[in-house]
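Quick look at what TrEMBL annotates:
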| type | residues | note |
| --- | --- | --- |
| DOMAIN | 16-216 | domain 'Phosphoribosyltransferase' |
| BINDING | ARG87, ARG112, ASP139, PRO140, LEU141, LEU142, ALA143, THR144, GLY145, SER146, THR147, ASP208 | 5-phospho-alpha-D-ribose 1-diphosphate binding site |
| BINDING | GLY207, ASP208, ALA209 | uracil binding site |
Amino acid sequence: MSKHNSKIDHQNIHLLQHPLLSHSLSILRKKDTNAGEFRRLLSEMSRLMAYESSRDLKIKNIPIETPFEKMESPFICEDVTIVSVMRAGMGMLDGFMQMFPLSKVGHIGIYRDKFLNNTVEYYFRLPDDIEGNKIFLLDPLLATGSTVVAAIDRLKQYGVHEIRFHCLLASPEGLEILHESHPDVSVYCLSVERGMNEKGYLLPGLGDAGDRIYGTL
Ligand SMILES: O=P(O)(O)OC[C@H]1O[C@H](OP(=O)(O)OP(=O)(O)O)[C@H](O)[C@@H]1O
Ligand SMILES: O=c1cc[nH]c(=O)[nH]1
Ligand SMILES: [Mg+2]
């Protein structure tokens, strides 16, 4: 975990460090990176994040036949359900779906309403029978933590327990709040940011992720 923040040195926070991820993140942060490039890189980075966060998935040897002989070969034997927090989580979804082509996919639409000063859920759809699945939850940013906590509150109403939250950037405050509300949830992120501005945007950050993906600046 990040050296500069001992308060959030929780075992279940995984700081993914890889030159390919760091390089791409730097491009995403740049204010003149356009929406097309932002989308392309986010998708590519999501595949790498999925690779890193799935290292411990259970595998089981199953008999197969190669063109030459029979053997026992390892296959993933756990069900993964991917859940995207709209809008910005959609930018990570195709990368994860490519890595887990057999996974089911859920969607949660939540935004931070500036006037209500609260999160608003406008869509919720999970696949049936996902109790016991590993949930790979996607949203590029964790700022105040209210969105991810609201999303996980709802997921848990559906009996899912093993949740891995994937984001690019997280604030120290947001990580604390997430840990207080849901200490069982693992976080996979690329950077713990310095903090937030008065509007709840991460610093140094990358701006509003949804706006940057969809060009709604
Ligand atoms: O930790 P929080 O303070 O809750 O902020 C994080 C949320 O903010 C962004 O979504 P936003 O509300 O901008 O919605 P959008 O994806 O539709 O743009 C981001 O994608 C997270 O969902
Ligand atoms: O910096 C931030 C914080 C919350 N949501 C965003 O999209 N960006
Ligand atoms: Mg937004």
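Note that Cβ sites are derived from N, Cα and C of the backbone, with glycine treated the same way.
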Site extent for 5-phospho-alpha-D-ribose 1-diphosphate, whole Å (max Cα pair distance, ARG87, ARG112, ASP139, PRO140, LEU141, LEU142, ALA143, THR144, GLY145, SER146, THR147, ASP208): 17
Sequence-ordered binding-site residues from ARG87, ASP139, GLY145 with Cβ under 6 Å of an atom of ligand 2: none
Number of Cβ atoms other than its own within 10 Å, given for THR147 (5-phospho-alpha-D-ribose 1-diphosphate binding site): 23
Cβ-Cβ distance under 8 Å to GLY145 (5-phospho-alpha-D-ribose 1-diphosphate binding site), same chain, at least six residues away: SER171, GLU173, GLY174, LEU175, GLU176, ILE177, LEU178, SER181
ASP139 (5-phospho-alpha-D-ribose 1-diphosphate binding site) as reference: those binding-site residues from GLY207, ASP208, ALA209 with C-alpha within 10 Å of it: ALA209
Least buried by Cβ count (within 10 Å) of the binding-site residues ASP139, ASP208: ASP208
Binding-site residues near ASP208 (uracil binding site), in sequence order, restricted to ARG87, LEU141, ALA143, THR147 and a 10 Å Cα cut-off: LEU141
Binding-site residues whose CB lies under 6 angstroms from ligand 3, from LEU141, ALA143, GLY207, ASP208: ASP208
Rounded Cα-Cα span from THR147 (5-phospho-alpha-D-ribose 1-diphosphate binding site) to GLY207 (uracil binding site), Å: 16
Neighbours of ALA209 (uracil binding site) among the binding-site residues ARG87, LEU141, ALA143, THR147 (Cα to Cα, within 10 Å): ARG87, LEU141
Other same-chain residues whose Cβ falls within 8 Å of the Cβ centroid of GLY207, ASP208, ALA209, the recorded uracil site, in sequence order: ALA88, LEU141, TYR201, GLY205, LEU206, GLY210, ASP211, ARG212
For ARG87 (5-phospho-alpha-D-ribose 1-diphosphate binding site): intrachain residues, at least 6 apart, with Cβ closer than 8 Å: GLY109, TYR111, GLY210, ILE213, TYR214
Surrounding CB atoms that lie within 10 Å of the CB of ALA209 (uracil binding site), all protein chains: 25
